[in-house]
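Below is one structure, written out as structure tokens; comments come after it.
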Amino acid sequence: MLTAFLLFFPVAAALLLHFAKGNAARVLALGAALLEFAVAVFAAVSATLNMAPGNSEAAYSTFSINLPWIASAGINFHIGMDGLSLLLVLLTTFLVPLIILASFRHDYPNASAFYALILFMQTGLIGVFVSLDAFLFYFFWEVALIPIYFLAGVWGSERRIAVTFKFFLYTIIGSLFMLAAFVYLYFQTGANGAVRSSDIAAFYSLSLTASQQAWVFWLIFIAFAVKMPIFPFHTWQPDTYTESPVPATMLLSGIMLKMGIYGTLRWLLPVVPLGTSQWGKLVMILAVIGIIYGAIIAIRQRDMKRLIAYSSLSHVGLMAAGVFSLTFMGLQGAVIQMLAHGVNVVGMFFIGDVIQRRTGTRQISELGGLTKHTPLLSVCFLVLLLGTVALPLTNGFVGEFLLLAGVYQYNMWLGAVAGVTIILAAVYLLRMFQRVMLGPETSFTSTIQDLTGSELAVLVPLIVLVFWIGLFPNTFLRISEPAVLQILTLVNR
Amino acid sequence: MTSIILLSVLGIVNLFFGFLKSNKILLPAAMVILALVFGANLLDWNAASESYFNNMLTIDRYSVAFTGIVVLTTLLLIPFSEKYVRDGQENLAEYYSLLLFALVGAIMMVSYNNLLMLFVGIEILSVAMYVVAGSDKRNVRSNEAALKYFLMGSFATGILLFGIALVYGATGTFELAQINAGIVNPANASLQPMLYIGMLLMFIGISFKVSAAPFHYWTPDVYEGTPTFFTAFMSTVVKTAGFAAFFKLLLAAFFAAQGFWVPTIMAITVLTLLIGNVGAVAQSSIKRMLAYSSISHAGYLFIGLVAVNGKLSANAIFFYSLAYSIATVAAFAVLKLVSDQRQREDYASFNGLAKTNPLLAFVMTVAMLSLAGIPLTGGFFGKFFTFGAAIDRGYIWLVVFAVVMSMVSIYYYLRPIIAMYMQPADDETAEPIVVGGFQSAVLVLLALITVVLGVLPGLLSEVF
């Protein structure tokens, strides 16, 4: 029941928002999101407490619901959470209230629709993370796309129409390939007169030939690669991130990008293990190219938001490489890095927004010397930035260490090349910090004010998590470990 | 059968309402008639299937289900003719009666058991359409549409009739099951060429009616010229009845000759999908875009035909027709409301509609998403079921092609959404559209049905 509540509560709240106007809408939205977070935490705590050593099944069995949906076709409304899903649901429910809070400073026209879309989006995202039926998964995968399209397209900046159109086309074309693959797999479950089913267990137990798996792999992979995005499917990403309103950018980079990684873990590797081993190497190479490519372009950026967008591209490449290394460390690294990246990138975009709102510009060259007037802002910025650079004791370090170790285990040379990302990240992020926060003041920055209470309320929880994940990664790694081990068993079967 | 009798009798009764001084009673009367017919039709659901007129018509679940779609579609469409009531349109009673009689034809098309009944049904439906296409007498485009539709349509019917005659010659019967038996009868082997030519001519005739390529060329012009209200009827009721008839023909009469007609139908499918989708991209008028989109949806429905998968296909075609009809009625209803007031039908006339009329914009968005086949709407599951039926038969390449085509379709279905939500209104379009309370309620109902079909497809995914 908890899972069903987590899934449907946001959309119910979104419908209610229709009756609220202006300020009431955002307060109501925030309240709903906080309640949702509380329930997710409760679910996580109760699962952790129930976890007997070596038996994770029991702890999560209460989360699962399996009802007939399109009964005649063997398609069920099957939802549930294991450790992996739980962590991503936690991340989603943690970030959404912060994203709503972060938008308080903006006066968005038609606010009730704006916040209703964010909550609607939350249902789509959680649906993706808890679906245990292929069509349900696809359903929510697409449902999540509709609100973000409107969020970015209606409330974005000047070039929003062309940019969001491109984004919508890219992602939906990718997902249609996935749908084709799912329909094919679904009919394969009916081979030899068996009853057809789209349940995840039925997909896992398919025995396809290597050549079937090879092309099914690509059909599914393209959908996930576009969403993450992996080089060369990324071209929609920097533009969309830049043109979207900040809450939409945060949703896209903080949570939606994880749909791709999560999908790979849950629906790609275990379903077509032979396809994965056949093409994994190529994907690794693409991912590593993406890492370096994103970082190099980030160095050249003049716009803060674009710089963060490219750095996100670089980081997601590393996560993809870790996943396709198919090692325990790589997968665990990807899981923890999903959380860490979500926290860091949302924080970075928020700070970019704070600076832009106060000075009216995002151009790095027009900024400088902010530190003098804004000590709080500088500290928060620095912490999040060092988390992104992967300084030891911060969240980024745990993730990148595990990921690089995994990639290194897979192939020494790829590991070495991917490792360059840490240096490059330090280059572009520290340079940005230096030029924005230090140095001489400019006409834009001389009268800037420090953070307000509500802005601190967004940043403090993020910073707490930066250190929590950095210092006690086991809190989270322990939850995901059984799920990751199970995925690896399935991949190596 | 009750629905045919009711519609015929009440259609005539409705004509007499026209003699009354006031137009106000006509719209409620037509709705009551349709609601009655819808209910009477549903009562037949659990009755045993019955044959009439020497086995020429059969009322079974198949015909009841499709009759349900066409009557419901008309019922939901009729409130949007309210402007005719307000303007005191003098021929209103006749128009409503024509639609009711057209429905009789449609019902005969879905319940025929004899090729002659199919022909009579198509003719009843078509003649009514020829008239309504030209109902805007003072408009040149409407006259052109009526003439074009009438001439082309007559040729098509002639070809269909010729085909029926040849099939009769080859098999010695008009009855569906006996035709099928006649095809496999070795005594008829020497008549095979005649049979094939007859089948081909019949396909041409019906393809014309459902506007499948390459017999679609009349569609955009006729749709554009016909008053929007009747265009909506054409693109939903006529198409649904046509496909139900087509499917029955292939399954019951020509099943034994699959080897011949599957490749033929497949070629039509590919061509229809290509022309419909690529053609729609190039349009600047929403009405023409919807005309091309209606061609492309004929293509998706054809995939259900190609699959000839018994129950699987029948269910898929039923679900697709329902989802498509509801979404199309919603789209045309919004278009009619907008174009009545703004006197234009291009994309720009929708600019900023989300600000002035959030409800209209929302319903249009749901309709567009459903037509594009995006989840949360009935259109998604419609495509899903038809594609599934085809994949089950191993036509993977065909489905891949259809998927690529539906990617193209996203381009033009998003354009009205972009115009409504993301483009600012210019002076001309800043005025809100006047929408009556009842019309708003029907619009909400249309959107609701679309979403329910998309969230709980299980309700109607297995009716047969």
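Every residue gets a Cβ built from N, Cα and C, even glycine.
Taken from TrEMBL, the feature domain 'NADH:quinone oxidoreductase/Mrp antiporter transmembrane' applies to B:113-408.
According to TrEMBL, the feature transmembrane segment maps to B:25-42 (among others).
The transmembrane segment annotation in TrEMBL covers B:62-80 (among others). Beyond the ends of the transmembrane segment (B:62-80), by six or more residues, the same chain brings 3, 27, 30-31, 34-35, 37-38, 41-42, 44-45, 96, 99, 103, 106-107, 110-111, 229, 232-233, 236-237, 240-241, 244, 248, 314, 318, 321-322, 325-326, 329, 332-333, 336-337, 438-439, 442, 445-446, 463-464 to within a C-beta distance below 8 angstroms of the stretch.
Positions annotated as transmembrane segment by TrEMBL: B:92-110 (among others). Residues 3-4, 7-8, 10-12, 14-18, 23, 26, 29-30, 33-34, 37, 57, 62-63, 66-67, 70-71, 74, 78, 81, 84-85, 117-118, 120-126, 128-129, 131-132, 135, 233, 237-238, 240-242, 244-245, 248 of the same chain sit 6 or more residues outside the transmembrane segment (B:92-110) yet have a Cβ under 8 Å from a Cβ within it.
Among the features that TrEMBL reports, transmembrane segment is placed at B:116-134 (among others). Residues 53, 56-57, 95, 98-99, 101-102, 104-109, 142-143, 145-147, 149-150, 153, 157, 160-161, 164, 174, 205-206, 209, 222, 225-227, 230, 233-234, 237-238, 241, 245, 249 of the same chain, all 6+ positions outside the transmembrane segment (B:116-134), place their C-beta atoms under 8 angstroms from a C-beta of that stretch.
Here the transmembrane segment (B:146-168) has long-range neighbours at 115-116, 118-119, 122-123, 126, 129-131, 133-134, 174, 179, 194-195, 197-206, 208-209, 215, 218, 221-222, 225-226, 253, meaning same-chain residues at least 6 beyond its ends whose C-beta is under 8 angstroms from one of its own. What TrEMBL lists as transmembrane segment is B:146-168 (among others).
Annotated transmembrane segment per TrEMBL: B:194-217 (among others), in sequence order.
A Cβ distance under 8 Å defines the sequence-distant neighbours of the transmembrane segment (B:229-254), meaning residues of its chain 6+ beyond its ends; these are 62-63, 66, 69-70, 73-74, 77, 80-81, 84, 99, 102-103, 105-107, 109-110, 112, 115, 118, 121-122, 125, 129, 132-133, 135, 167, 176-177, 179-180, 183, 199, 202, 206, 209-211, 222-223, 261, 265, 287, 290-291, 294, 297-298, 301, 304-305, 308, 310, 313-314, 317, 321, 324-325, 328-329, 332-333, 336. The transmembrane segment annotation in TrEMBL covers B:229-254 (among others).
According to TrEMBL, the transmembrane segment annotation covers B:289-310 (among others).
Among the features that TrEMBL reports, transmembrane segment is placed at B:316-338 (among others).
The feature transmembrane segment is assigned by TrEMBL to B:359-382 (among others). Outside the transmembrane segment (B:359-382), and at least 6 residues removed from its termini, the chain residues within Cβ reach (under 8 Å) are 293, 297, 300, 316, 319-320, 322-324, 326-328, 330-331, 333-334, 337-338, 350, 353, 406, 409-410, 413-414, 416-417, 420-421, 433, 435, 440, 443-444, 446-447, 449-455, 457, 461.
The annotation transmembrane segment is assigned in TrEMBL to B:394-414 (among others). Residues 266, 269-270, 273-274, 276-278, 280-281, 283, 289, 293, 296, 299-300, 303, 306-307, 368-369, 371-374, 383, 387 of the same chain sit 6 or more residues outside the transmembrane segment (B:394-414) yet have a Cβ under 8 Å from a Cβ within it.
The transmembrane segment annotation in TrEMBL covers B:434-460 (among others).
Among the stretches B:289-310, B:316-338, B:434-460, the one making the largest number of Cβ pairs under 8 Å with the transmembrane segment (B:194-217) is B:289-310. Residues 210-213, 216, 219-220, 223-224, 231, 235, 239, 243, 246-247, 250-251, 255, 258, 262, 265-266, 268-270, 272-273, 275-277, 279-280, 283, 316-317, 320-321, 324, 328, 331-332, 335, 371, 382-383, 385-387, 389-390, 392-393, 395, 398-399, 402, 405-406, 409, 412-413, 415 of the same chain sit 6 or more residues outside the transmembrane segment (B:289-310) yet have a Cβ under 8 Å from a Cβ within it.
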